[in-house]
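K.L.:
For reference, Swiss-Prot lists these features for the protein:
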- 15: active site, proton acceptor (ACT_SITE)
- 107: active site, proton donor (ACT_SITE)
- 42, 43, 44, 45, 46: substrate binding site (BINDING)
- 26-79: disulfide bond (DISULFID)
- 41-85: disulfide bond (DISULFID)
- 59-100: disulfide bond (DISULFID)
- 97-114: disulfide bond (DISULFID)
- 27: N-linked glycosylation site (CARBOHYD)
- 67: N-linked glycosylation site (CARBOHYD)
- 91: N-linked glycosylation site (CARBOHYD)
């Protein structure tokens, strides 16, 4: 697989969820081995409640590696500040800033415009 495809697959796993805000649980999700590759709790992670299409759309016509802002707002859940891997969870609706590489989202930069 090309590098962008692998990075996009990783981005989807780490940042896009089909679960509703009501069903989403930071502790259950963040303690999954996918988010603790080195056995450490990740300090913060933001999840986008969306299908993949609208997120990938942000990177349409993005050549090379560039940060882009979404034109629409997304429902987001941020899991952060784990104490012994127990996370605080906050929900918001906002724009997102992501890094695109050749039309694929590869990195979540921040909540809000770039």
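Start at 1 and count along the chain as shown; that gives each residue its number.
Glycine is treated like the rest: Cβ placed from N, Cα and C.
Just so it is clear, the model here is predicted, and its values are computed rather than measured.
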K.L.:
Excluding 42, 43, 44, 45, 46, which residues of the same chain place their Cβ within 8 Å of the centroid of the Cβ atoms of the recorded substrate site?
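P.N.:
Near the substrate site, the remaining chain residues are 30, 78, 79, 80.
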K.L.:
Could you check which of these recorded positions, 43, 44, 59, 79, 85, 114, sit within 10 Å of residue 91 (N-linked glycosylation site), going Cα to Cα?
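P.N.:
Matched recorded positions: 79, sequence order.
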K.L.:
Can you grab the distance from residue 45 (substrate binding site) over to residue 79 (disulfide bond)? Cα atoms, rounded to a whole Å.
P.N.:
5
K.L.:
In sequence order, what residues of the same chain, 6+ apart, have a Cβ less than 8 Å from the Cβ of residue 97 (disulfide bond)?
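P.N.:
Residue 97 (disulfide bond) has long-range Cβ partners 67, 68, 69, 70, 109, 110, 111, 112, 113, 114.
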K.L.:
What count of other C-beta atoms do you get within 10 angstroms of the C-beta of residue 27 (N-linked glycosylation site), across all chains shown?
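P.N.:
Other Cβ atoms within 10 Å of residue 27 (N-linked glycosylation site): 13.
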K.L.:
List the disulfide-bonded residues among 26, 59, 79 whose C-alpha is within 10 Å of the C-alpha of residue 43 (substrate binding site), in sequence order, or say none.
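P.N.:
Checking each Cα against residue 43 (substrate binding site), the hits are 79.
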